[in-house]
Amino acid sequence: MGFRLITQLKGMSVLLVLFPTLLLVMLTGAQRACPKNCRCDGKIVYCESHAFADIPENISGGSQGLSLRFNSIQKLKSNQFAGLNQLIWLYLDHNYISSVDEDAFQGIRRLKELILSSNKITYLHNKTFHPVPNLRNLDLSYNKLQTLQSEQFKGLRKLIILHLRSNSLKTVPIRVFQDCRNLDFLDLGYNRLRSLSRNAFAGLLKLKELHLEHNQFSKINFAHFPRLFNLRSIYLQWNRIRSVSQGLTWTWSSLHTLDLSGNDIQAIEPGTFKCLPNLQKLNLDSNKLTNVSQETVNAWISLISITLSGNMWECSRSICPLFYWLKNFKGNKESTMICAGPKHIQGEKVSDAVETYNICSDVQVVNTERSHLAPQTPQKPPFFPKPTIFKSDAIPATLEAVSPSPGFQIPGTDHEYEHVSFHKIIAGSVALFLSVAMILLVIYVSWKRYPASMKQLQQHSLMKRRRKKARESERQMNSPLQEYYVDYKPTNSETMDISVNGSGPCTYTISGSRECEMPHHVKPLPYYSYDQPVIGYCQAHQPLHINKAYEAVSIEQDDSPSLELGRDHSFIATIARSAAPAIYLERITN
């Protein structure tokens, strides 16, 4: 009985172990199921470019990323993604979505990134994005949205990036971004916005970059951007802006970049830039500006880059404040400013026209202090030219005046430049002294620590110089000496001297060196026929033998007809050899 009970318990234990294992395997297999025509990479599902008209089935509930880009989805139904509660990002761009149900995003509360760009969405319900309060990135660009609901983005307190580019928006509702307190980037470019309400951007305390380019604004008042303390860049290019004004009662110290290019700005109100003390980059090209006032350029105290080309500059006395400001400006600037008037200087560069026609010759420059100090920021450059004020001839003589000239400098800045130069000289001298001291210290330590090595180096250098000198002397000794040659032209008298006396003068010459005379002893008895030279000169290393023996005849044969006394004895023999120290003569007998 006990044995059977033990056996049954063992069987049950095996089943209890196997059943959960099989169940776990089945659940795992179900979770890893990948829809047809899709690609699954772990917890990421890619169902792209397969003309899906609806959301594919069998998508794992544990998926964290789903891409449905480049398909044919036309509508997002209610609870469309309810089973994907682990989803973190969802890409639905480049479809044909025109309708989005109010509850389409129910059940995916953890969603952080939603891309709906490049669709045909014309309307979004007020509560469309309420089920996804954790969104960080929302892209609605390149759709056909005409309006935004007043509570369109309510509850999106964690939203950082919002794209509304290339829609058909005409207005921005008041306080529509009130809850987007962490928004960092907002793009409203390429819409049909004509105006902005005073509180359109209320609540965007952390906004850093705002795009409003390619809209239909006709005027801009900085009062429309209330207390955007962290805004660094605002882009307003290619609108229809005719005037720029400011109604701020506070200093907008955070703004560094302002792009107003491609508008219809004809004039800038004096004092417009006083509220922007830290403005560093300003684009005013492709407008209709004719001049810039002295008060305006005085407010450009922190600029490091400016573009002014493509305007209708009037090259008269009104251009002088801007001309002198640009002349002293040390940052990046556009140099292609062209005169639009008067007619006789149209098409000429502003700088050339002013200097050629002495337009500003009677304008006096007075150095003034800044009316206010800009708050210090990390991005502010350490030094910029001080603004100047231009006066007419009516300025009292008590003021210090400087007439414009090519070498014009602002008074009061020389000391600053001298101070900087003096410090640079001191720093350079100290650096040079320390470098020399370090080199000498290294040499001294090496000499003290390794004296034998230093001596060896010196001896090695000395031996090397000696070897070099020895090689040079050897090269000089072994250089090829000049060739020897013998030019022997015996006359009849010399021949007779040799025949009778047994000796005669013989001269050989070392070209370019010296001459010597050596006697050649010949026995008087034999006679020689001069088919070959009588003597051989200048042997080098080996004796030079006359190849043919001399033909000697006895005195008894003196009357023989074979003796030809009329032979020509002016035969010339020249022998050339390499130089050799030993030279001797040898006669070969028959």
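Here the Cβ of each residue, glycine as well, is placed from N, Cα and C on the backbone.
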According to Swiss-Prot, which residue out of Asn126, Asn501 bears the annotation N-linked glycosylation site?
Asn126
Chain residues outside the transmembrane segment (425-445) and at least six past its termini with a C-beta under 8 angstroms from it:
none
Provide the three-state DSSP residue tally for the domain 'LRRNT' (31-59): helix first, then strand, then coil.
1 helix, 6 strand, 22 coil
